[in-house]
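Quick notes on the structure that follows.
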Amino acid sequence: MGAMVPRTLLLLLAAALAPAQTRAGPHSLRYFETVVSRPGLGEPRFISVGYVDNTEFVRFDSDAENPRDEPRVRWMEQEGPEYWERETQIAKGNEQSFRVDLRTLLRYYNQSEGGSHTIQRLSGCDVGSDWRLLRGYEQFAYDGCDYIALNEDLKTWTAADMAALITKHKWEQAGAAERDRAYLEGTCVEWLRRYLELGNATLLHTDSPKAHVTHHPRSKVEVTLRCWALGFYPADITLTWQLNGEELTQDMELVETRPAGDGTFQKWASVVVPLGKEQNYTCHVYHEGLPEPLTLRWEPPPSTDSYMVIVAVLGVLGAVAIIGAVVAFVMMMRRNTGGKGGDYTLTPGSQSSEMSLPDCKA
């Protein structure tokens, strides 16, 4: 498996750019690249997608009518033609390398060319509020399974199987780790800073989470309490459950943070508790968009007795209002007839002088 084309980028005026006001961090720049072979349907398809802080900002698709690196957010339209031409050439170079790698891995695994196979790559960097590298990524998977990855020391590789060991030895001889480390510690961090400056208004805002707790019966003696955090940005958030002030790390089920589809994120954490003991458990939500952490409990609905009392009171009040309206109407009619309401009666079959029914005609 050959080394990928390096993402060597020209940092235009990077040193001259004034530091932009940025959120405290951390921040991330990541690229996800995938190639899928499709025997009998033409060349393998290659897709590259770039993310800044979990926001897709660029994309390349070899199946497009005119394959080019394209902006996915409005703020990337500030980049000029030279940038897009350069990034397009990088993507096309990686596309060709991936196609060669597909054929190489077919040999390593002694597979035929008749089936469909996939190579995936994750590369990128995470930085802290001081712009120092927190972690670099250079990871590969084949047919959905780990293949080879650059370790956190950015100096050594971990191979998942015997085939990946062949790639590891080749890359060690070629000094691939040193090249990748230089990119991750330098170029990647600088371009992340650049993208954050371009998308400052969008990327550096915060949306505080809306949180609530739901109640789900499990059995006659247990219930599940689920703490929801919705509509927050950025994606970094912490949810914990506590019992009388002690964290329940081992007993808590926690899902990965998920995109909501509108640029915000959602997450939940649940815990199983004894029925009747729900009020002893509290959910705690930590997010940079909150002035202070949230503490929530499950709020039980009003009891049936309380509900019936409320309905009864509302019924009595409604009846009183109706009676009052009738009395007011009668009093008004008495005033309109000079107080002789007792002499104004209609006997069965009689008609008032002011109202008559039309004749029925055959």
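A Cβ is built for glycine as well, from the same backbone N, Cα and C atoms used for every other residue.
Candidates considered were Cys145, Cys283. The record in Swiss-Prot pairs Cys227 in a disulfide bond with Cys283. Disulfide annotation in Swiss-Prot: Cys188 is bonded to Cys125, selected among Cys125, Cys360. Remark: secondary structure over the region 'Alpha-1' (25-114) totals 33 helix, 27 strand, 30 coil, with classes taken from DSSP.
Rounded to a whole number, the C-alpha distance linking Cys125 (disulfide bond) with Cys227 (disulfide bond) is 31 angstrom. When pLDDT is averaged over the topological domain 'Cytoplasmic' (334-362), the result is 36. Note: the Cα of Cys283 (disulfide bond) and the Cα of Cys188 (disulfide bond) are spaced 37 Å from each other. Counting only residues at least six positions away in the same chain, the Cβ atoms of Ala211, His212, Val213, Leu239, Trp241, Trp268, Ala269, Ser270, Cys283, Val285, Leu296 sit under 8 Å from the Cβ of Cys227 (disulfide bond). In the three-state DSSP scheme, Cys188 (disulfide bond) falls into the helix class.
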